[in-house]
Structure formats: structure tokens, C-alpha cells
């Protein structure tokens, strides 16, 4: 019985120690994540966003060339609107007095 216990001790030691060691694949994956995260952060941090608001009388408000709609607002307490062709806000209620669009574009 003592001999069996002595034989099992090295096996148990290997099982325990193998869990604490980092495998080569894990180390490589961690390094790839670090480098990729750094590159992505640098790329994103250099991008700017330019936004402006446009307001028009009636039920349509169109963004300037190169800008896209990011949000719409309507007068007369109307909450129903849609975006047309990615550049124009359309308020769907009858008799709209004004329509607003928030327009943005990416700046490198």
C-alpha cells in the first residue's frame, strides 16, 4: 500500500503543476490580443466625428452632403419619424411645423 502511494505522488504532482503552468499556445494568444488591442485602439483614437444639427420648416430635414442622419426630432409633439436615403429625416404626422436632423460624418 505504501509503495502504491509513493508511485501516485509524482503523478499527482504532475497533474497539479500542469494546471499552474501557462501553455505556449495561451501565451501566444495573450500576446496577439495585447498587440491587436493596441493597434485597434490607436486606429480608433485617431478617428474624429463631426456633427451638426439641421432644422427645416415642414416635414423633411436633409443633412448636408457627406453627412448621415443619426437622429431626428419633430415639432407638434410628433414622435413618428423615419430616415430616408440615410440623409433625410421625415416626420410622419400631418401638419408638421418643423423637422430636425442630427447629422454626423467621420473625420480621419
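Even glycines carry a Cβ here, placed using N, Cα and C.
Residue density at residue 104 (disulfide bond): 15 other Cβ atoms are found within 10 A of its Cβ, drawing on all protein chains shown. The disulfide bond annotation in Swiss-Prot covers 51-104 (among others) and rests on similarity to another entry.
Secondary structure from DSSP puts residue 103 (disulfide bond) in a beta strand. Residues near residue 103 (disulfide bond) in space but far in sequence (CB under 8 A, at least 6 apart, same chain), listed by position: 51, 52, 53, 54, 63, 64, 67, 68, 69, 70, 87. Per Swiss-Prot, disulfide bond is recorded for 63-103 (among others).
What Swiss-Prot lists as disulfide bond is 72-89 (among others), and the listing cites similarity to another entry. Take the CB of residue 72 (disulfide bond) and look out to 10 A: across all protein chains shown you find 18 other CB atoms.
Around residue 91 (disulfide bond), the same-chain residues at least 6 positions away in sequence with a Cβ under 8 Å from its Cβ are 59, 60, 72, 74, 75, 78, 80, 81, 99. Summarising the annotation, Swiss-Prot assigns disulfide bond to 74-91 (among others) and lists similarity to another entry as the type of evidence.
According to Swiss-Prot, the disulfide bond annotation covers 78-93 (among others), on the basis of similarity to another entry.
Per Swiss-Prot, the feature signal peptide maps to 1-18.
Counting every protein chain shown, the Cβ of residue 89 (disulfide bond) has 26 other Cβ atoms within 10 Å.
Fewest other C-beta atoms within 10 Å: among the disulfide-bonded residues 51, 63, 74, 78, 93, that description fits 51.
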